């Protein structure tokens, strides 16, 4: 826009007079007059806005007072670009004609040819330098029109004159120019007690959402310009927040307003409460509402409506009714909006009698014939499926001479839909369309639900066509169908409906996302045949997406234990190229249903295909072999994992590896896995500590396993009963009896000890012939409420026998005989071993006879002890015969068997036979 200031107008007459424009007279051109329409107001500026040109002039009457004069036209001579030639042409005249014709006055503001302003004006050196204004952030060049204003306006211009220019700039929505000129006014001291200018600047800043600068300007308004803040200033800021939906900023201005002692007015509360209602800011709304009521003045009916609406949306019906009570207490007169809000609040909470009372009061107060009120009541009765009341309301609408709108018909459809009245719902659905209205998504969903519940699919095709007519996507139609039929458990009807529709089914087959939604819904609702049929007909070619779909379906079936469905889906895709994730899931599923052969076949197929297994796949294969009882194969897989440096097992796989090696007795493997775990920086949990100690207790050096146990205690983890017993056994066998005692004491403190714990410690003392320690532990075991077990007596029996304390040995035997339980193999083996060492073959024979009399047969340890006893007694042939006997009974001789036999032969000078058995033992590579 361009500004042109007229510094002097000498005189003006009724019909027309010549005024001298001394400053711009040199730009006149008699041959090129410009005639324009003007509107004049009391300021000294001429303004040209793009193609609309009008003037604002401040004129003085004879007595010196300003007056507003409207002119029809001004004839002047302006330069068309030849400024340099005209520079010294002398003064020119400007004819100003006062308007007397109303028709001409009505022509003000018509579009004109833009004026070509002189270059000397644009480049005037008298223009103030304001390009570093702090309010203008991205300004790189000053607008030419603004330059024209600043070049023409004098520093001694009145604040009123400056305010008029600032107001025009602000109304033109040019925020940067507004703030630019405001900054000029500030530097030229035009802002003292000028609240009007500050308010305009705040409008511009708020439209730019420059809240920091707005806050600074408020402070400057008070400190620099001696202005008083009032509600109009804050309302300016709150208005923009209201229009743009900025509740947090609006609340900030409101609280600042209160902090500065400014009393809000009705407009303040109205804007804020409407803003909170739109954005759902209940807490701020409650605060503002409380402030309004506390002030007891400027009460705003909009605030009550907003609070009722907010509470109703949140389902806080008691609160909304409380607000209605406040209205009565505060003697507020409801307007139409407030009546409707009250009506809606009662309808939403099902208080239909109160809603009817509000409706009646609304009509009595002159708000009758409101279709929105009828629609609200219809919705309320529709929610409780009161179709009689709904129909009565609809007839009242007609009798009152009102025309039902689309909301009326939509609500009628929903009401009868909730009542499961298919015929009436279809009737109003048809009327809705016949009246030229469109059903909404809720109507479509209701109609499809009715068709599904009633098993009548004759109209469903037409409904789908209606949905397509309103521009609904095929994917949304599919979702509506699935939701409707999932609710009644008849998803198997969806695919036939879609096939009958044709285009819908074709679109789904070409759309991967829609196809996935359909197939997954079928699988979830056990319509497996439909899912497989759709999978066979898919027409999209994204193989990765298809693999992901199959994997999702199979994993879902696994989660819900529908393994048969998972197998059917897998067979549909097989024999495609093997997908690692799908195949791993199927190995797991086959393992769960004990189809280990099929699971192993898939694993071998993966290996043959060259597919590199990941950590999860290895975990599944390991567990498959463990569950099938094939620990040897599981051990081979664990060996394979250890050889692949790029496989980093997780906590669960490490625990599986340790257990497998322990069960297979692979001591070296246990140590390897343990040290690999230490290098992997794996974070150990309580289960991991227990597993390592249980599995590696006898595979690691005593110092290492002791360090693990102490570290577990330092981490605050409590060991399990099994871990406690393992540590007792480890410390006991290593001779660390004091540490074993501390472990037992810790176990007693945490309630972890059992009879096995005491037996283990008794055995440890027995191995070291510490009879006092054995008796002490037995006493503590009895104090803990445990009876002395057969295992404890066996330990005592073995210790006394090996120490040749035969009296105590026989005493223990008598106690064992007094026990309710019978002696076990261990008892008889101890007796055979002790008697055999003494050469008491007759006693050995008696023990063997007693063993068989109790229904027991000698085990491998029994045979080994017998062979040793016969060798000591010189019964070599009987010893050799025992080896044959144990083989016949299905037992396999171990290294001890052969060592005892060779010792027996050597003891009895059967050296040749001893050499033969020694060579035989080496040949068959008997392990220890």
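Using the three backbone atoms N, Cα and C, a Cβ is placed for every residue, glycine included.
Residues 98-132 are the range that TrEMBL records as region 'Disordered', among 98-132, 133-167, 168-202. The average pLDDT for the repeat 'PPR' (859-893) in the predicted structure is 83.
For the repeat 'PPR' (859-893), same-chain residues at least 6 beyond its ends with a Cβ under 8 Å from one of its own Cβ atoms are 825, 828-829, 832-833, 835-837, 839, 841, 844, 848, 851, 900-901, 903-905, 907-908, 910, 913, 926. Here the repeat 'PPR' (789-823) is broken down by DSSP into helix, strand and coil counts: 26 helix, 0 strand, 9 coil.
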